[in-house]
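What TrEMBL says about this one:
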TRANSMEM  C:12-32  transmembrane segment
TRANSMEM  C:44-73  transmembrane segment
TRANSMEM  C:93-118  transmembrane segment
TRANSMEM  C:130-149  transmembrane segment
TRANSMEM  C:169-190  transmembrane segment
TRANSMEM  C:221-244  transmembrane segment
TRANSMEM  C:275-295  transmembrane segment
TRANSMEM  C:301-319  transmembrane segment
Amino acid sequence: MSRILHSTEGRLALITIVVFVLMAALSPERFLSPQNLTSMAFQFPEFAILALAVAVAMLTGGIDLSVVGAANLSAVVAALFMANVVGADGGAGMVALAFVMALCVGLVAGLFNGVLVATLGLPPILATLGSGLIFTGFAIAMTGGSAVMGLPSAAAWIGNGTILWIPVPLVVFALLAAALGWLMSRTSFGLKTRMFGANPLAARYAAMDTGAVLIKLYALCGMLSAVAGFIVMSRANSAKADYGSSYLLLAVLIAVLGGVNPYGGYGRIIGVVLAVLSMQFLSSGLNLLGVTNFAREMIWGALLIAVMLINTLAKRRTS
Amino acid sequence: DAHAKQMATVVKIDGIAWFNRMREGVDEWAEETGNNAFLVGPAQADPQQQVALIEDMIAQGVDALLVVPMSPEAIEPVLGRAMEQGITVITHEAASQQNTQYDIEAFRNEDFGANLMDRLAACMGEEGEYAVFVGSLGSQTHNQWVDGAIARQEEAYPNMTLVGDRNETADDQQQAYARAQEVLRAHPNIKGMQGSASTDVAGIGLAIEERGLEDETCVFGTSLPSIAGQYMETGAVDGIGFWDPKIAGKAMNAVAMMVMNGEEITDGMDLGLEGYGNITLDGKVIYGEAFVDVDASNMADYDF
Amino acid sequence: MKSFDWARNEVLVFGVIVAFCVLAAVSDPNFLSIPTLIDLMRNGIVLGILAVAAMVVLVSGGIDVSFTAVAAFAMYTTTVILRDVAPDLPWPVAFAVATAIGAALGAINGVLIAVFGLPTLIVTLGTLSVFRGFLLTFVGTVQISNLPSGMRDFSRLMMIRGTNSDGSFYSLPWAFAFLVALVILTWFILNRTMLGRSIYAIGGAPESARRIGIDVTKTQMFIYIYVGALAGLAGIIHASTARIANPFDLVGLELSVIAAVVLGGARLTGGVGTLTGTLLGVALIVLVRNSLIVIGIPSTWQSVTIGALILLGTGLPAWQAKRAEARAA
Amino acid sequence: MTDTSAPLVTLEGVTKRYAAITALSEVDLTIRAGEAVCLAGENGSGKSTLIKVLVGVERPSAGRILFDGVPQTRLTPTAATRAGMQVIFQDFSLFPNLSVAENIAMTAERATGARLVHRRRARERAREVLDRIGVDLDLDARVERLPVAHKQLVAICRALAADARLIIMDEPTTALTEREVARLLDLIRRLKADGVAVLFVSHKLAEVLEVCEHVVVLRNGEKVADGPAETFDAASLTRAMTGRDVAETPPEPLDPSASDLLKVENLTKDGAFRDVSLTLRAGEVLGVAGLLGSGRTSLAKALFGLATPDSGRVTLDGTDVPLGDPIAAAGAGIGYVPEDRLTEGLFLEQSIARNIAVGRLEAHASGGVLNLRDLWEEAAEWLKRLSVKAPDPQAPVRSLSGGNQQRVVLARWMARQPRVLILNGPSVGVDVGSKAEIHAIISDLAARGLGVIVISDDLPELLGTCHRILVMKAGVITDEVAGGEGITEDDLSHRLAS
Ligand SMILES: Nc1ncnc2c1ncn2[C@@H]1O[C@H](COP(=O)(O)OP(=O)(O)OP(=O)(O)O)[C@@H](O)[C@H]1O
Ligand SMILES: Nc1ncnc2c1ncn2[C@@H]1O[C@H](COP(=O)(O)OP(=O)(O)OP(=O)(O)O)[C@@H](O)[C@H]1O
Ligand SMILES: [Mg+2]
Ligand SMILES: [Mg+2]
C-alpha cells in the first residue's frame, strides 16, 4: 500500500477510486446505472485523446496548444470531402478514405508545428498558440464559419457505434493510450522523446537526432488531434471550426493532473488515463447531483492544485 | 408524486440573463404543473459541452429533453439516441433540427429580421449606409435575421446600402464595441447598424455614445432591456426586439407535456401563452408570434 | 543596456507596427487620424495593464495564466458588493476594493508558488479554474449593466475631448491615465528599487539569488500580490469603461496577453523583459485586432492573420537567435 | 562584544545530515584574518556542504559556528554577508541577465539596506573594485556574454565590493587556464596582504600548496588532516584525501607504424579558429593546450559537427566527414565528451542505464522496439568495466559523484565503439583518485587503436596522458610538442603564455 502511495500514479489511482466510490455512494442507483456508465464511456474519449496529445508534447518540455484547432481543421476537411464529394449515401470505404484524409491534415498540421519548434526554434507555447489560430482560421475560411453537414450515415459509427456493447470511441481511446504507452516506454523514439525533454542540450551532445524526434513528435500530436477531431465530427454528425473549444484547457489540466511534468522529462500515459477517468467521474457525478457546471470547473482546478500539493509534500517528506 | 415527469431544459450556456429569464419560466411551469422541470446549461459556450450534458441527462433517465442548441447539427446524434430511448425531445431556436419532435420558434426568423429592418429604415428615413453584426458567422439564427433584414431592405428600401461584410462579434460586448469603432472609422457616413447577439447593440451603443452620434445614427438589434436599457435611455440605441425567453421556456415544457400525454399539436392552436395564441405549424416547427418591440418608451415594462 | 540586441524584438515589433500603419493608411487615408489613435489607446488600456502584470511574472521566471480570472473575479465581486451594500460610494472606493480583492487572490497564487514551491504554470492553471468557478458558482453569473453610480461616473471622466471634422466627438477616458501611472510605477519598481532588481535577479538565476540572501519567497509573494492587484484594477477599469460587469469577460485573453509580452522581447525563461517592449507588443496586437477591416482582411481570415503575426513576431527573433548561436558555437 | 584576538571564523563539531547521508561529521575549523586556508577532499567529501553551512545556506544538524568569537544562532545568508563572509561558488552564482556593474554591486548594495537603487553609487563601487584588482571590464556588458574567466573576475569583484573579510572560493580554478590561475593566485596573495582571509577549495594540489598557509582535508565528511601547508607535499596530501597512493601511468609509446586516422585540413571558422590542420593516428592521444577563448572548444565542436566551419575539410580514414552535423560525425565514428557534464553531458534525473544507452538506442532496438533487458545488461557491463561505483544501473545518474558521472559519459561513447574520441576537460571537477582512473581509461582506449584528442587546462594531465600536444593561440595552432618525458610543465606553460 505505502509503495503504491509513493508513486504519483499510485496516488492518482487512489484518488480516481475515491472519486468513483464517492460518486457511487452519493447517487448509487443513477451513477452505477448502465446508461450512466455507457454515457461516460461515450463522453470522455474525445478530450481524452487531445489530453494524450498534449501530454506527449509536454514530455519534451513543450506543449501543443493547437490540438483543438488541428482537430477541427482535420474534421472540416474530412467532412467537406464526405459532404461534397461522397454524399450522404457513401459507404464505409469512403468514410475510411475521409479518415485517412483527416489523418493527413493532422499530420501536416503537426509537421508545421514541428518545423516551427525544431527548425525555427520558436518556443512551443507560442508556436502552437499561433498555429492553433491559423488552423482554426483555415477551418473558418473553408466553411465560412458554419457547420459542414450531410455526412454519410456510415460516418456515425466511429463516434456512436459499439463493439460488443463497448462504445467505439472508448475502444479507439484505449487502443491509442495503450499504443502510446508502449511507444513512449518501449521504443527508442519514446525514450529519446523523454531524454530530450529531460535535457535538450545533452541530447544534442549525445548525437541524438533531436530535430527529427521533435518533428515526429509534433506530427504524432497532430495525428492524435485528427483522430479526436474525427470522433467529435462523428458524434456531432457535422464538423465546425469551433467545436470543442473548451477542450484545450481541459486537456492541459488533465495532462498535468496525470503527473506529466510540463517542463519535460517525466510523465506516464497511465497517469493521463487515470486523470481522465477521475475528471469524467467527477463531472458526470456532479451533473447527476445537479451541481452547476461552474462548480465543476472549480472542483477540477482545486483537484489539480491538491494533487500537486500532495505530490510536492510527499516528495519533501521522502527527501 | 409518481406521475411527476422529469423534464430537463438544456440551454446553450448557464448563468446569462437570457437563460436565467428562461429558468423563471421553467420554474414557474414546474410550480404550476407539479412536474419536476429544471434548467441546466454548460459552463462554457461549446457545443461539445452541451452534448456531454445532454448525455448525462439521458443517463439520469429524464422523461423529456428540452434543448436550446448551441449548434443544432452537433446535437443531432445525441438527440437521436434520446428519442430512441423514448425520451420526448423538444427544441427551441433550431428550425432545421431533424431529431426533435417539435421545434418551437417564437417567430419566423426572416420575419423578425425584416421587422428590425423596417424599424431601422423608419428611423433612418429610408436612406443611407448601414452595417450588420452577427454573434458568429456560424450562427444560423443570427444569419437568418440578417438575411431577412437585408432581403427586406433590398426589396423595400432602395436608397439604403449595406456596407462591409457581416461583422462578427463572438457574442462579446467588447468585440462588438471594437467592431463598431472600426465600422465608424471606415464608414464615416454610416447611418444605421443592426445587431444580432444580445450584447451587440450594447457594444455599438457605447461606441456611438463616445462619439456623440446618438442622434445621427440608428441602432436596432436583438437584445434585452437589462443589457441595452442604458443605451436606449441616451438614444445611442434606438430600439431592440426580442422574444420573452420565460414564455419560450414555458412553451417548450407545455408542448413536451402535450406530446407525452399524446395530445396532437395542430396549426392555429392556442398554447395558452402570450404570443403563442395562434401558432403556425410547418412540418414539426411551431411558429409563434411572440416578438416584442421595445424602445425607450416602453422599456420600463420589461424588468429582465 | 546599450547593447543593440536587447532592442531586437522591440525594433522588429516597431517595424511591423509601422508597416501595418502604412498599409492601413494606403487603403484608407482616414486611418492616420486622431480618432483612430484614440480608439486604439482606449482599446489598449485593459490589455496594457494586464500585459504589464504578465511581464512582471515572466521577468521573475514564472508564468501566470490566472490573471484574467483574477481580473474578472475582482471586477464582478466589487460591482456586486457595491450594488448590494453601498451603491453611492465614489469610484475610488470601488477601485480600492477591486485592487484589494485582486491582491488577495494574487496572494493565494503567491502562497502556493512561493511557500509550497509549486510550478507557476500548474498553480495558475488550477487557480484560473478555481477563481472562475468560484465566481460563477457563488458570486453570480448575470451581467450587471446598471453599474453603481461611482463606476458610471468614472466612465464619463474624459482626459481628452475633441470634435472630428464631421461633428462627432472623440475622447480619451481618464482610465488611460491609470495605464500610464501603472507603467511608471512598475518601471520604477523594476528599475529603481532593490525589490525590482531582485525580481530580475530571481528570473535570471534563482539559486544565485537565494545565495546572496535575496528572500525569494518574499519577493515571489510580492510579485503575485502585485500582479493580482494590477489585474483587479484592470478588471474594474474594464467594467467601468465598458459600462457592464460581465463575469464571463476577460477569461480567455491570457494567452494573447502573454503572446504580446513575448512579442515585445520578454523571455519565457525569465530574467529579460522591458516595459517598452511590452507596450509595443500590446500596441501591435491591439492595432491588428482592430484594423483588419480597414486593410481589407475579411473577418473569416482574422484568426489566420493574428496567428501568423504571432508566429512571425516570435519566429524571427527565435530564428535569429538560433543562427547566432550556431555561429558562436 | 567582539574579541579582536578571536579567530575570524570558528567551526566547532559541525555536523550536517541529509536523511541517511552524513555530509559533515563533527568538523572543527579555524580561520584567522589574512590567512589562506585550503579545504581539500575528494568528490563528495563534504567541501561544498561545509561552505553552505558556513554561510547560512544550510543549517547544521549539530555544532556551533562562531564569527569573531561570537556564536551564531540561526545563521542566514544575509547575516553571513553582513559578517563579511563571501562565497564564490563553483558556478559563480552570477545573474546572467544583469550587467557587470549590477552583478558586482548587488550584494553590497543590498547590505546597505537601501530600498532604492543608487545607480551611480553602484557603478562607482564596481569601478573601484575593478581598479583595485587591476582589471578592465565593460560595466554595462551583460554577464551572460562574458567569457568564463571574466565571469569569475566579476564574482570575485562582487565579493570584494561587499567588503568581504573572508572570501570562500569553491574550486575556483577549474574553469581557468594556467595564466588565469596564476593571476588568481596572485590576487589571493594581495587580498591576504589586505587582511582578507581566504578559504580555498581545490583539487589541484600544486596550487593549494602554493598559496595556502593551512590545509584541511576532508574525507567522507570527516576531517582527516589539518596542518600547516609546509607539512604536506603532493603525495601526502593525495594520501590524506584518498586514503591510498595514486600513481599515474604514462601512455604506451605510439606504434610507429600506426596509420593516419583523422585528418583535418585548413579548417576555418570565422572568429573562432583559423586554418587548422592536424593529423591524428590510430592509437594516438593528442593533447590540445591553449588559453581560454583560444578556440579549442570551438574546434572540438566543429569536429563533432556541433558547429559549422566556414571552410576546410575533415576526413576519417580517407572518407569525408560531413561538417556541421553531429549525427553524421557520430555515425562516422567521432565521439565527444563535453566540458560541462551537468548541462551538456548528462540527463541527471534519468537512470544510469539510459544515460549510457542514449547514444546508441538503435543498437538496442529492433524495428524501433527496445530490448530493455539488453540495454540494462550492457549498462551494467560498462559500469563494471569502468569500475563505476553505482548502486544500480536503474538509479538516477544524479546520485553519482562527479568522477563516476564522468565515467558514465565515457561509457556512453565507448559503447558506440568510436574511432576517434574527443575529451574536453576529462577530469574537470573530478577527484584525484578518479582522475587517475580516467587517465588509465584514456590510455586503454589508445591501446585499442582509438585516436583520442584531449583538451585540458591541466598541463600535468596533458603531459601525463598525451603522445603529442598542440598549442593553440587565438584560434591558430602555433606549436606542437611531444608529450611524456620530453617537456616540463613550466616549459609548456611558458609556450602557452608567451
Ligand atoms: N541536498 C543534499 N541532499 C542529500 N545529500 C546531499 C545534499 N547535498 C550534498 N549531499 C551529499 O553530501 C555529500 C557531500 O557533498 P558535497 O557537495 O559537500 O561534496 P564536495 O566535497 O563539495 O564534492 P565535489 O568535489 O564533487 O564538489 C555527498 O555525498 C552528497 O551526495
Ligand atoms: N579571436 C577571437 N575573437 C572573437 N571571439 C573569439 C576569438 N577567439 C575565440 N572567440 C570566441 O570565444 C569563445 C570561446 O572560444 P572556445 O570555447 O573555443 O575557447 P576554448 O579555449 O576552447 O575554451 P575552453 O578553455 O573553455 O575550452 C568562442 O565563442 C569563440 O567564438
Ligand atoms: Mg440614435
Ligand atoms: Mg563541491
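Including glycine, each Cβ sits where the backbone N, Cα and C put it.
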Inquiry  = So if I exclude everything within five residues of the ends of the transmembrane segment (C:44-73), which remaining residues of that chain have a CB under 8 angstroms from its CBs? That is, six or more out.
reply    = 101-102, 105-106, 109, 113, 120-121, 123-125, 127-129, 131-132, 134-135, 139, 173, 175-176, 178-179, 182-183, 186, 190, 199-200, 202-204, 206, 219-220, 223-224, 226-228, 230-235, 237-238, 241, 247-255, 257-258, 260-262, 264, 266-273, 275, 278-279, 281-283, 285-286
Request  = Tally Cβ pairs under 8 Å between the transmembrane segment (C:93-118) and each listed stretch (C:12-32, C:221-244, C:275-295, C:301-319), then give the stretch with the top tally.
outcome  = C:221-244
Query = Does the transmembrane segment (C:221-244) make contact with the transmembrane segment (C:130-149) through 3 or more Cβ pairs under 8 Å, each pair 6 or more apart in sequence?
reply = yes
Inquiry  = With Cβ-Cβ distances below 8 Å as the criterion, list the same-chain residues six or more beyond the ends of the transmembrane segment (C:169-190) that contact it, or say none.
reply    = 34-35, 38-39, 41-42, 44-45, 48-49, 52, 56, 59, 154-155, 157-163, 196-197, 199-200, 226, 230, 233, 237, 240-241, 275, 279
Query = Can you find at least 3 Cβ pairs under 8 Å between the transmembrane segment (C:301-319) and the transmembrane segment (C:130-149), where each pair is 6 or more residues apart in sequence?
reply = no
Intrachain residues whose Cβ lies under 8 Å of the transmembrane segment (C:12-32), provided they are six or more past its termini = 263-265, 277, 280-281, 283-284, 287-288, 291, 294-296, 309, 312-313, 316-317
